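**Q** Sending over a structure as structure tokens; questions will come in a sec.
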Amino acid sequence: MTKKQILIFLIGASVASVVLRLLPHPANVTPMAALALFSGVYGTKVSKWVLALPIVLMAGTDLIVGTYHWQVMIAVYASFLAIAGIGLLVQRMKNVGTITLGTLGGTLLFFLATNAAVWAFSGMYQLNLAGLMLSYAMAIPFLKLSLVGDLFYTAVFFGMYEFLKNYGVFRLVQRI
């Protein structure tokens, strides 16, 4: 696909991500991690600044849905930037397996980083190993939801991209 086609897809995926984040949804079931991974895999063909796209969208929607401890927010944003970085690694050898591993790795990274930040900065847990483990244990239901959401939205974004590239509107435009 051309840079213009990737940009058009990213705009559509971004609009969908914002709308889906603002609509009621189960906790942690949003397309933001999938968008971050996709940005790392394909977005850098447009611009390296695309890696920041999920952070910009998160920050913008956080102004609407609400904010929380700034230290935790930094962990959230940094996690999405790291997931985009995972996308850069996947880009070198992209296939269903590496995209799936990238998704699982990103979900786990997000879980570990954000819950460590909750442990360290929320005041909800004792600042010792037992408190950290309790923070992770209490967040396991959110991890399950994140896995479901991240795998689903990654399949949607990457699947739709490949479909459009091979059979969709973009392919028709290239023939004309």
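In case you wondered, yes, glycine gets a Cβ from its N, Cα and C as well.
Pasting the relevant annotations from TrEMBL:
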type: TRANSMEM; residues: 6-23; note: transmembrane segment
type: TRANSMEM; residues: 68-89; note: transmembrane segment
type: TRANSMEM; residues: 101-121; note: transmembrane segment
type: TRANSMEM; residues: 133-161; note: transmembrane segment
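Each of these features: where is it, how hidden is it, and who are its neighbours?
**A** For the transmembrane segment (6-23), same-chain residues at least 6 beyond its ends with a Cβ under 8 Å from one of its own Cβ atoms are 30-32, 35, 38-39, 42-43, 45-46, 50, 53-54, 57-58, 60-61, 64-65, 157, 160-161, 164.
Sequence-distant neighbours of the transmembrane segment (68-89) (same chain, 6+ residues past either end, Cβ-Cβ under 8 Å): 32-33, 36-41, 43-44, 51-52, 54-55, 58-59, 62, 102, 105-106, 109-110, 113-114, 116-118, 120-122.
Distant neighbours of the transmembrane segment (101-121): 33-34, 36-37, 41, 69, 71-72, 74-76, 78-80, 82-83, 86-87, 89-90, 127, 131-132, 135-136, 139, 142-143, 146-147, 150-151, 154; these residues of the same chain sit at least 6 beyond its ends, with a Cβ under 8 Å from one of its Cβ atoms.
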